[in-house]
Each structure stands twice: as structure tokens, then as C-alpha cells.
């Protein structure tokens, strides 16, 4: 078998925008930042909240309400 062909497998940290920190192991060499996690996602929490990134919903509604008039 060939030696040293496997990627390096080390510790990494995923930080959520809600402040939750998840420590795991991965071949990814750097820490990452995520928008939602299991602590703040509406499916897991049971609370309904709108995750609107940059007013996309408003732009969509504005664009298609003009056409329907």
C-alpha cells in the first residue's frame, strides 16, 4: 500500500451566527462560519422565524406584484 496518500484529518470548529460552537474533525484545514445550526434552525427548535437574506422576499414580491396588476 502507498503511504501518506490520505488527507490530513484534524480538529476544526464550526461557529454559528447564533453563537453556538461545534467542534468536530474534518479534512478541512480551517474553521468555518455557518448561518444556521441545529440550535437555531426552525425545524429543530419548533419556532417559526423568517431567515431573509438581503431582502430577497421583498424583491421577489415587488417584482411579481407589478406583473399581476
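Each Cβ is built from the backbone N, Cα and C atoms, and glycine gets one as well.
Here is what Swiss-Prot records for this protein:
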{"type": "BINDING", "residues": "16, 18, 37, 40", "note": "Zn(2+) binding site"}
Exercise. Starting from the Zn(2+) site formed by 16, 18, 37, 40, give every other residue of that chain whose CB sits within 8 Å of the mean position of their CB atoms, in sequence order.
Key: 17, 19, 20, 34, 35, 36, 38, 39, 41
Quiz item: Which has the fewest other CB atoms in a 10 Å radius around its CB: 16, 18, 37, 40, the listed binding-site residues?
Solution: 18
Quiz prompt | Three-class DSSP secondary structure - residue 37 (Zn(2+) binding site) | solution = coil
Self-check item: Coarse DSSP state, helix versus strand versus coil, of residue 18 (Zn(2+) binding site)
Solution: coil
